[in-house]
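Report on the following structure.
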């Protein structure tokens with residue numbers, strides 16, 4: 001009798017018990033956050049309060065939600081017309097008054113990230129990518145070119161984080177004479193949580209010295225609240241701006257597209273989209289990217305972290321989910337304002353576990369900007385060419401964009417006409433190339449890669465001047481060996497291993 005009785009009791013009691021624990025955790029969190037807030041100076045009080053309020057809401061939702069937030073059985077392929085081919089949008093052409101359409105646009109770049117994964121200190125946007133130009137230089141050049149060509153006033157807005165704000169502001173003085181108005185706002189600063197106790201590890205508001213590890217920027221989904229809170233959203237609406245084009249600052253393919261903008265401003269059916277997501281076809285390299293699905297009659301972005309373990313392989317399949325999100329988004333400013341005021345933007349929580357230098361396990365609660373698509377009316381996906389997705393996450397990506405595969409014109413990179421196939425070669429540089437300064441030291445000049453399909457380099461390898469790489473090239477220096485590819489060498493379908501014997505592939 002007893003085991004069954006206690007089992008029934010425990011089942012009835014579990015949910016109540018969990019509720020009690022949840023309330024206790026929320027209360028403890030509130031106490032800790034109040035203590036932190038009490039250490040803020042009068043000038044920091046207001047925005048610290050806003051940050052901690054936002055964090056509290058996120059933490060409350062985190063405690064309510066259980067497991068992956070999608071029910072796999074409800075996921076459907078999006079209806080045909082909900083993802084339009086770019087060719088169809090482009091075929092409509094452009095109106096004569098394209099300048100008046102452009103004047104309604106604001107370009108927003110997500111500039112919260114540091115260059116640490118590429119071994120650089122400071123904001124990632126200040127890494128040199130091409131002829132001494134940084135990501136930020138290229139962005140400013142692109143918009144300046146637009147403004148000059150069409151005699152328009154498209155501003156650039158940078159969403160910085162507390163990690164990138166100071167360095168970015170210092171560098172902005174260099175553009176004071178360019179024909180681009182540049183605004184910045186900061187995303188929120190949230191406290192990291194101890195994985196065991198679920199309490200913040202910060203004891204006060206400071207984030208310098210040993211406290212830098214206590215805080216984090218909560219992902220780009222934070223753009224809606226922080227843009228609104230900064231007052232900049234209202235100012236831009238007052239100036240007559242209607243849409244923002246948002247993208248990652250390290251996506252060199254994310255230039256302003258006039259055809260998409262025209263489609264937004266002059267929709268063929270008269271009904272404007274509030275949210276457009278640019279998607280592109282998956283290749284083997286993109287199987288982890290978030291994909292657009294139909295879910296409860298709404299377009300919805302599903303990320304790999306939300307997929308139940310049993311369905312991960314299905315999610316990665318290129319045949320079932322053919323497209324992924326490029327994070328190039330076009331969003332109506334009035335819609336952001338409306339939804340933000342109603343507190344109606346719903347984004348799934350991404351739980352990001354980290355281990356700090358001292359070995360402490362923490363979690364960061366984050367959200368992704370594209371996940372809000374389901375909160376907007378009349379959303380649309382546009383399947384764009386792969387050239388609009390050119391992210392530079394690693395030095396392998398950097399090698400591609402520095403090479404003769406691309407030509408640079410007014411801040412925009414375009415694939416060279418001399419390349420016979422439109423696809424980008426697959427490049428894998430080993431750990432000796434991870435840091436930008438090591439990578440630069442290993443290439444006396446960037447090789448000719450116009451006819452390259454695949455390059456793998458591993459170990460202690462250096463390249464002399466004017467090397468040409470064609471077809472599939474694999475270079476592997478064994479541990480303790482070193483391979484120097486001589487100046488002027490042509491490697492076509494070669495495997496180079498161990499001690500610089502060059503074999504046919």
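Using N, Cα and C of the backbone, Cβ positions are placed for all residues, glycine too.
Database features (TrEMBL):
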- 124, 187, 219, 250, 393: UTP binding site (BINDING)
- 220: substrate binding site (BINDING)
Between the C-alpha atoms of residue 393 (UTP binding site) and the residue listed as 'substrate binding site', the distance in angstrom, to the nearest integer, is 16
Same chain, |i - j| six or more, Cβ under 8 Å of residue 219 (UTP binding site); the result in sequence order is 350, 352, 366, 367, 368
Among 124, 187, 250, these being the binding-site residues, pick the one whose CA is nearest to that of the residue listed as 'substrate binding site'. 187
Row the residue listed as 'substrate binding site', column other C-beta within 10 angstroms, all chains, value 23
For residue 124 (UTP binding site), what residues in its own chain, 6 or more apart in sequence, show a Cβ-Cβ distance under 8 Å? 113, 114, 115, 118, 135, 164, 249, 250
Across all chains shown, how many C-beta atoms besides its own are within 10 angstroms of the C-beta of residue 393 (UTP binding site)? 14
Between all pairs in 124, 187, 219, 250, 393 (listed as UTP binders), what's the biggest Cα distance, rounded to the nearest Å? 21
